[in-house]
Structures are given as C-alpha cells and as structure tokens.
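S.K.: The structure that follows is given in the form of structure tokens.
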Amino acid sequence: MSGWASHILPSLESLGLWSYWIIGAASMLESFFLTGVVVPGTLIVDAGGALVRLGRIDFFDLVWFVAIGAILGGEMGFWLGRYAKKRFPQDWAPTRSRTFLRAQALFDRRGGMALVLGRFLGPVAGLVPLAAALTGMPARTFRLWNIASAFPYALAHVAIGYAAGDLLARIGPVAGRAAMVVGAVAVVIVAFYVIAAQVQRGLPLVLRWMGFLRDSVVSRPRVRHLMERHPSIVTFLARRFDVERFDGLTLTMLIGVCGYLVIAWADTAFDFLRLPQVAEMDLRLARLIHAFWTPELLKAFGLITQLGHWPVVLAVFLGATVALALTRRWPSLVHLCVALGGELITVRLLKGTFARPRPDLGYFIETSGSFPSGHATLSVAFWGTLVVILWREKLIGIPTALLAAGSFAVLIGGSRLYLIEHFLSDVVNGWIVGAFWLVIGFGVAEWFRHARPLTPRHAGWQRAAAASVLLVATVAAGWGVATANPPLATRGAEAAPKPLAIADIGTARLPVIAETLTGAATLPVQTVIRATDPAALESALTANGWTRLDSPSLSGALHAVWKDLADLTAGTAPAIPMFWNGHPQDMTFRDVGDGTLLWVWKAGVESGTAEALYPLVVEPGETASAGRGAKPPLPLAATTAITVTKAPTQGQGPEGPGWSWDGTVTVGSPAP
C-alpha cells in the first residue's frame, strides 16, 4: 500500500492499541441518541477501516470493537427510553422531531428489522432503540436484534473504510500531495458541514432531554436535601447555567472556549520555541510545497491571498460598518470592531516578540515577521466574524455559516502555505489567535445585547442603503484583489554545491536515514552513487531496468484510476515524498518487474572531482527477492564500503515491512 495514508491518517495511527478503543467509543456514542447527533461515529469507523488497509490495525479486531460499541450504545438508548417512560412527564417524547418520526415509522413497519436497517441511516440509528422502548418491545427481544444489527454495521463500515483506503493508496501517488491535501481539506469541510446540519436538527431534542434529566435528578429527596443544605453553591451553579442571563450559560461557555484557545495557543507557541522538530517539519513541508508550484496555482493562490491584505480588508470593513450602523445592528458592529482591533494589536505584538524570519522560498516579498500569520489570523478574526454576524442576525443557518467560515480559513491560510509566505506553525497559530478574538468579540456583543437591547431598523430605505454600501464595498474589494500586484521575490543564481567527502557519510552533512514529512526515520541510505549529472545517472538506471516516475498531476491521477479499474499497472505513477537532509527527492524510479521503489537525491559535488554524490534509498516491492534493499540498484565500479557506527540498525519502511541494517554504505560509479 502507498505510504500516502501514513501522512493523512497519523492521528489514530499514532495511538496504537488505543485506536480500537477510540473507534469503538465513537461507534457507541453515535448509537446513543443523546450523543449521536454530535459524534460522527460512522466517519471515524470508516477512518479506522482505512487504517486497516494501511496495515496498522487488524480488520476483525476492529470489527469486534465497533460491534460491541454499537451494542452498548443501543442498550443505553433503550434503557434510558424505558426509564423516561416511567419517570418523565407525558409530553417528554420527541414527537416533533422529524428524525424521531422517521425512526418510529421505520420501527412500526419493520419491527426488529428496523434496528438492522436503522444502523445505516445516520442519526436515525440512535433513535430506533428509543422507539423500541416506547412501543414496549421486550428487553430480551431487543437485545437479540441489537446484537444482530451491530455486526452487519461493523463489517460494512470497516469494509467501506478499507475500500476507501485502498482507493487512496492507488490514486494517491499519482494525484500528488497537493491534490491529496486539497481532497483532505474538502473532506474535512464537508464533514463539518454534515455534523453542523446534524447538530442543528438534533440539538433541540438533546436540550429538551437534558432538561428532563435535570428535573428528574432535582426531584429526588436526597438531592433536594443536599440543595437545601448548600444554597449558596446551588445558586452559584444555577446562575452559571442560566440561559436568560449573559453571566449565565453564555459567559460560562465563553470562558471555557477562551480558556481552551489560550491553552492551545500556548502549546503551539512553546512547541515552536522548545522543539526543533517543529521548525524542521515546517522547512520540509515548505520545500515539498515548492516542488509542487505551477503557474496556474500560483496565480490562483496569489489572488486568494489578497483577501488577507489590508486594502481589501479595509474596504469590506468600512462597508460592513456603515451597513450595520444604518440598520442599527450595534452589537454586531461592536463584535466586528473588537475582533479586528484585537487581531491587529495582537499580531503586531507577537510578530515583534517572536521575530521569526520568513521562509526563503516565498513567492512574494514580505518584510514583517513570520510568526504568527496575519493572513491566517484575519481569515478567522475578520472573515469568520463576518460569517458569525450573518448567522447571529439570522441571515444564514449554522451549516452554511460553518462551511463559509471554514472555507475562508482554509483558503486564505492555505494560500500562505502554498505561496510559502509562512510556515505551517505560523498559520496554525494565526488561526488560533483569530479564533480567540472572534470569541472575545462575540462575548462583548452578547453582553451589549443583554445590557442594551435594541431593535434593528427594517425600513426599506435603510436596508436599500445598507445593501448599496455593501455592494460598493464588495466591488472595491474585488477590484483590489484583481489589480493587486505585490512585488515578487527575486532569487540570485543558485549557490554552488558544497564539496563533500566520502568521510562525510553518516554526519550531518551527509546523513544516512531518509525521513517522512513529520521527521520519522523510514529507510537507510545503503548506496551512494557518483555521477557527472542527473541525466547521466538517469540514463544508467534506465539501462538497468528502472523506470523514471512521472510528476504528480491531475491527469496522471485520472489515468491511474482508469488503469487501476482495468486491473492494469500504472508503472510510472509518482511515489510518495521522502525527505533526506530536509529535502524531498530529486528523482524517483520504479522497477516495474517487482514494484521496487528507488528515491534519489543530489547531495553535492565530491571534493577533488567533477562528479556529484547521489544518496539513494530502496524499498523492495512485494515480489522482490530477499536482500533487494541492501543491493545497489545497478552494477557499480570503483566501489568503497563505508561503515557508519552511529546509525539505526533496524526500522520500518513507509509500506510497513521492517528492515535491518549493519551500517554499511556502498559508494561507487555506474559500471561501463
């Protein structure tokens, strides 16, 4: 399988055995109706299936965890339904919920089989056990159907995830990392949109049930006795969750969110300051992105990034300010001003404090500090705030707001990454700072709404004037984006490569381990080839049965998909990026006979000669002979064996199989 998935699914994979428990818990929470409206359990189970394809977890072990989680979630919903039927008022049932009505209708038509079918109907899955409890289904009958429904669900969705991971493995190498990143971002945005829509449908039901549970607990004699003994604590807690007061639930949630964002910001900032691995990964990613530059994408992202430049932001800000003032939407105006003002001050202070230099590969000339990214901060603090204002004024719904806000953040922040104007850690930190000021502005606006409730004006001329101002501001911003012509960075002639010596092998100048994007050691450099230039080395390798791989492209991806569906071999499909000394590979080859892959880098000119040194790593294919990775990829002349003492002796390649190494590096020139 392609190692692309190891870059895309690192979070669950890194948890090892905990992955089973997390995926099983997600299955349980989605099967329980109170949490199923929030937790995307099916998506997490599908991701687990992709990890199975990666070879990191076992298929049948995962099926057991998913099935048991689904069984437990169904049992929780069934027994809570029976409890509520006895304890809650007559009107407790969510009969006004369309999702519940679908679940009830399905149960009325299918009986126990509804539990099997409901598993595959999203939010209906958690409500079918509730419907079973309300109709009086015997507990033993329910348990049998609940168990019978869990295993088809587990098998089907783990298999779906496996198939998706297999497709990713086949088209990932030819799609290119840029396409994979875009696809991953699109999947994340769509997933958030689906979750938001699900929450919007199910949140009223959850809140109503929480109210019933609260009343049920409070009505118990022992609880009432405790409340009477500690009235001050009860009063304090009641005020913290009062939905009618600003200093109630609203302030409690604001403090919680702001506290989380401050901790997240401090974590990213301290990681940047203390962990050299963060800066190293930033640099590797920047160099990889640079290899995927194309004129079309540079132009597109060059336009998108103008949304974070101050002339464009100022035009939209002035238009929004006038429009909000005309319609007397003062709380929203305060929200926008606080968020933008806080962003401006904070970013200036942080840039001056950290004083991080910009990446050397940047497309445009930038003179300010790199940490954090002001564009990424604005994408949330300004553009995200505008989206929240539209939602708060009831002009758009939650799913649309989440999709729009996420798109602004991803596109503007992503443009800074693609143009290499910032490192990844700069952009992530900027998003966090922007989110902090969005929340602070929202809190101030809500306090203003509670302190001075005002009615927005709805006169026709005011709305027309506000719309006209917004139109003018939008045109001005669009003109600013279209006509922006920031100076491009100019680079001098490439410096001559530093002379290298064979004795440098195994040192920081000529390391002997290739790495993934995150810096994990993956394959050893067991061969270093001397050649006059890359063309000569390519010619020698081609003459010995190696095929140079294509550059990643969309057309290549589609071509590979067709060949894969036709059960053909796309022998020139690009390989995953591998890093040596912080640089992505210069050339990649494949032996189409056994599928062995070869990554090649140009290290530098050997001291005292006109030849360059090319370290390379080999990953044997599935049908390769034993020891293929340790053998040079072509016959060599004038060989020298170097033994590296301070190097890993064993490890794991990107495909999963392990390797062992005695530290020997063979150096030589292609034999005539």
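Cβ atoms here come from the backbone N, Cα and C positions, even for glycine.
Annotation comment: TrEMBL describes 332-442 as domain 'Phosphatidic acid phosphatase type 2/haloperoxidase'. For 647-672, the entry in TrEMBL reads region 'Disordered'. Annotation source TrEMBL lists transmembrane segment at 20-45, 57-80, 116-137, 144-164, 176-196, 246-266, 307-326, 333-350, 370-391, 398-419, 431-448, 460-482.
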S.K.: Run the contact check on the transmembrane segment (144-164) against the transmembrane segment (20-45): 3 or more C-beta pairs under 8 Å, excluding pairs closer than 6 in sequence.
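M.R.: Counting Cβ pairs under 8 Å (6 or more apart in sequence), the transmembrane segment (144-164) reaches the transmembrane segment (20-45), since there are 3 or more.
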S.K.: Under 8 Å, at least three CB pairs between the transmembrane segment (431-448) and the transmembrane segment (246-266) (pairs 6 or more apart)?
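M.R.: Per Cβ check, the transmembrane segment (431-448) touches the transmembrane segment (246-266).
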S.K.: Per the definition of 3+ C-beta pairs under 8 A with sequence separation of 6 or more, do the transmembrane segment (307-326) and the transmembrane segment (116-137) touch?
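M.R.: Since fewer than 3 Cβ pairs under 8 Å link them, the transmembrane segment (307-326) and the transmembrane segment (116-137) do not come into contact.
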S.K.: Same chain only, please: residues at least 6 beyond the ends of the transmembrane segment (460-482) with a C-beta under 8 Å from a C-beta of the stretch. Say none if there are none.
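M.R.: The answer is 303, 306-307, 309, 311-312, 315-316, 318-320, 322-324, 326-327.
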S.K.: Can you work out which residues elsewhere in the same chain, 6+ from the ends of the transmembrane segment (333-350), have a Cβ less than 8 Å from its Cβ atoms?
M.R.: 313, 317, 320-321, 324-325, 369, 371-372, 374, 377-378, 381-382, 385-386, 388-389, 392, 430, 433-434, 436-438, 440-442, 444-445, 448
S.K.: Go through the chain and flag residues at least 6 beyond the ends of the transmembrane segment (116-137) whose CB is under 8 A from any CB in it; none is fine as an answer.
M.R.: 30-37, 42, 70, 73-75, 77-82, 85, 93-94, 97, 99-100, 102-104, 106-108, 110, 145-146, 148-150, 152-153, 156, 198, 201-202
S.K.: By DSSP, what is the split of the region 'Disordered' (647-672) into helix, strand and coil residues?
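M.R.: Once the DSSP states are binned, the region 'Disordered' (647-672) shows 0 helix, 13 strand, 13 coil.
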